[in-house]
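Undergrad: Sharing a structure below in structure tokens format, with a few things to ask.
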Amino acid sequence: MSSCFGSKKKPIYRKIVILGDGAAGKTSLLNVFTKGYFPQVYEPTIFENYIHDIFVDGNSIELSLWDTAGQEEYDQLRSLSYSDTHVIMICFAVDSRDSLENVITKWLPEVSSNCPGVKLVLVALKCDLRGADEEQVDHSKIIDYEEGLAAAKKINAVRYLECSAKLNRGVNEAFTEAARVALAAQPRGTKDGADESHGTGCIIA
């Protein structure tokens, strides 16, 4: 017997893994997006999974967001996060040139090894520091938009985004764009001989 009530459409599941150096701001970004608050105390993350629903381009999407530890001692544990991933968000902090350098020297090689063919989104964090007083930050060391965009092109990311979790600027936009990319992506990271290329088309920054 058929029901006279229409069944609710099931959300589309997409998995996004968030990578980047320790203290880059990944967990703060996720807290603001999923819980609506900015943590005042830094607590290093070993591993955490967030589930958050989002509506993009007429589609209801269930995002599984995997927060990972950036410290070297967790490299093996982090490798377990990559299975069946649709998009990887690689993050760096605009006040840490090491974190941007590691996008290319550490994170890209790790992704290529564990999750070949996955779509990449590069995200600049702590962008509020660009407007901070000289007493708070050395502006000669701050990474500007053009440098971030150049890095995104170098790793063949399909999006380059900038945000401030502290001010809640660009946070929703970052995950909306990542979800949009994930919608059209195939899951990677199953060691199935996937295509090694990380992205096609031009960056939308």
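Positions of Cβ are set from backbone N, Cα and C atoms, glycine also.
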Undergrad: Which one of 24-32, 33-41, 42-50 shows up in Swiss-Prot as motif 'Effector region'?
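TA: Spelled out, Swiss-Prot records motif 'Effector region' over residues 42-50, not the other listed ranges.
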Undergrad: Tell me, by DSSP, whether THR68 (GTP binding site) is helix, strand or coil?
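TA: DSSP assigns THR68 (GTP binding site) to strand.
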Undergrad: For ALA23 (GTP binding site), which residues of its chain lie six or more apart in sequence with Cβ-Cβ distance below 8 Å?
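TA: The answer is TYR42, PRO44, GLY70, ALA93, SER96.
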Undergrad: Would you list the DSSP helix, strand and coil counts for the residues of the motif 'Effector region' (42-50)?
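TA: Taking the motif 'Effector region' (42-50) as a whole: 0 helix, 4 strand, 5 coil.
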Undergrad: Looking only at Cβ atoms, how many others are within 10 Å of the one on CYS127 (GTP binding site)?
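TA: Its Cβ has 25 other Cβ atoms within 10 Å.
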Undergrad: In terms of DSSP three-state secondary structure, what is the assignment for ALA23 (GTP binding site)?
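TA: DSSP call for ALA23 (GTP binding site): coil, neither helix nor strand.
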